[in-house]
Amino acid sequence: MTFCELCKLHQAQWKTGYRLRSYVNQRRDTKKAGHAVVFMLQTPSKAKITVIGGGSFGTAMSKVFGMKGYQVCLLVRDPNIVSGINNDRRNPKYLREFALPECVTATSNTELALERTDLVVHALPVQVSREVLAKVSPFIPSGVPVLSTSKGLEVASHKFMFEILQETISTDGNRRPLAFLSGPSFAKEIMQELPTAVVIACEKLETAKQIANMLSSPTFKVFTTTDYIGVEVAGALKNIIAIAAGMAEGMGLGMNAIAGLVTRGCSEMRRVAEYLGGSPVTLSGLSGVGDTFLTCFGPLSRNRTVGYRLGKGERLDEILKTSQEVAEGVATAKAVVEWLPSILNTTYTRALVRFPILLSVAPILEGKLTPEEGMQQLMAMPPTVED
Ligand SMILES: NC(=O)c1ccc[n+]([C@@H]2O[C@H](COP(=O)([O-])OP(=O)(O)OC[C@H]3O[C@@H](n4cnc5c(N)ncnc54)[C@H](O)[C@@H]3O)[C@@H](O)[C@H]2O)c1
Ligand SMILES: O=P(O)(O)OC[C@H](O)CO
């Protein structure tokens, strides 16, 4: 059986399975049976996944779920992406060279996208997430889990995705489980079906395991944890370290410098996570050093590329003008220079001694320091005990 035949079979099963799905949804609404029951009863062809965001990662997540036979509905605002996916089975704007399974469809209609959905996957840049989530929240059925894949810190509020989700999704009295996917996972390599390992964090391990089972495939390995704080902090901060690593490479500082920078960046990231209650085990795992290595050394990284071009002497506004995809580290670096000293109850200058990498990137992005001055500042820091 070819892959397309398998998709057609799944579509037929989807239609015949409609009654069971309605029954399960009804049960969930009336008896508050909870999402666990739905996951256990639903086979892939009968469950619906809604992916919010038709950029690179939303498209990649659609493919992973689609290849498992789920009915995937992408919620996007661009009508060209809707027609590209529905008519040509391709996202015309992001990763267009890769076809999507037939069970992946797209719409701009929020109500339709979220109607009778069994899982919501959020894949939008952090800075627009609050606004979009607040709008879609009333349409998410009660009890349905929301899986966030976004990595960063909101500039306006200094909040992570888990806080943004808590404030937008769970405030209407219908508590929905919140889960977080992170780890080394370039969208393009996922689309190429190259082996990828990620971690899903959720306060309830059982929910993380259920979502992990839905996503797991021979090319997509999913680990689980309850440490969503560690996963969230690492996912956001590794983007700043990647900008710094790219900058060092662009400046031609050599591998000694880059390896030293990345290692000390990981130490800073771990110390912030531990301060907030995250586990060092998480920080040495896929969402921590795993994703940091990928983003710092992987040529596909947008954050590393921004740093590389800065290191070559370009200005940030020039770089951003010529890039259509988001580099979350730019906004997160800006948020961190205000947020980190404030949570440590200290000044920027004092915090700089303990977190010189995380706190030096923003002034370079803003043009207050040159990359060379930033590096000199790092090298001039007083010797300390390695921690
Ligand atoms: N691309 C990857 O390899 C990758 C891997 C893991 C995690 N992530 C994370 O996923 C998140 C999304 O990244 P991406 O790579 O898909 O970004 P992207 O730049 O490829 O796409 C962003 C999408 O968001 C949409 N968008 C922007 N503003 C919007 C708004 N106000 N309302 C509705 N839609 C809006 C854009 O139209 C676009 O479709 C980021 O936090 C990123 O860190 C990305
Ligand atoms: O391309 P980047 O720098 O946004 O990194 C993408 C992902 O976070 C990699 O896991």
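Using N, Cα and C of the backbone, Cβ positions are placed for all residues, glycine too.
According to TrEMBL, the feature active site, proton acceptor maps to Lys238. Secondary structure at Lys238 (active site, proton acceptor), as computed by DSSP, is helix. For Lys238 (active site, proton acceptor), the Cβ neighbour count at a 10 Å cut-off comes to 33, with all displayed protein chains included.
Per TrEMBL, NAD(+) binding site is recorded for Gly53, Gly54, Gly55, Ser56, Phe57, Gly58, Ala187, Arg302. Secondary structure from DSSP puts Arg302 (NAD(+) binding site) in a helix. Taking the Cβ of Arg302 (NAD(+) binding site) as reference, residues of its chain lying under 8 Å away and at least six apart in sequence are, in sequence order, Ser323, Glu325, Val326, Ala327.
Per TrEMBL, the feature substrate binding site maps to Lys151, Arg302, Asn303. Sequence-distant neighbours of Lys151 (substrate binding site) (same chain, 6+ residues apart, CB-CB distance under 8 A): Val126, Met161, Ser182, Gly235, Ala236, Lys238, Asn239, Glu328.
Taken from TrEMBL, the feature domain 'Glycerol-3-phosphate dehydrogenase NAD-dependent N-terminal' applies to 48-207. Model confidence over the domain 'Glycerol-3-phosphate dehydrogenase NAD-dependent N-terminal' (48-207) stands at 96, taken as the mean pLDDT rounded to a whole number.
What TrEMBL records for 227-375 is domain 'Glycerol-3-phosphate dehydrogenase NAD-dependent C-terminal'.
Listed binding-site residues: Ser56, Asn303. The one with the lowest count of other Cβ atoms within 10 Å of its Cβ is Ser56. Proximity to ligand 2 at the level of Cβ atoms, with a cut-off under 6 angstroms, picks out Arg302, Asn303 from the binding-site residues Gly54, Phe57, Arg302, Asn303. For the substrate site, the Cβ centre of Lys151, Arg302, Asn303 serves as reference, and the other residues of the chain with Cβ at most 8 Å from it are Gly152, Asn239, Ala242, Thr295, Ser301, Val326, Ala327, Glu328, Gly329.
The two recorded residues, Phe57 (NAD(+) binding site) and Asn303 (substrate binding site), show a Cα separation of 15 Å. Screening the recorded positions Gly54, Ala187, Lys238, Arg302 for a C-beta under 6 A from any atom of ligand 1 leaves Gly54, Ala187.
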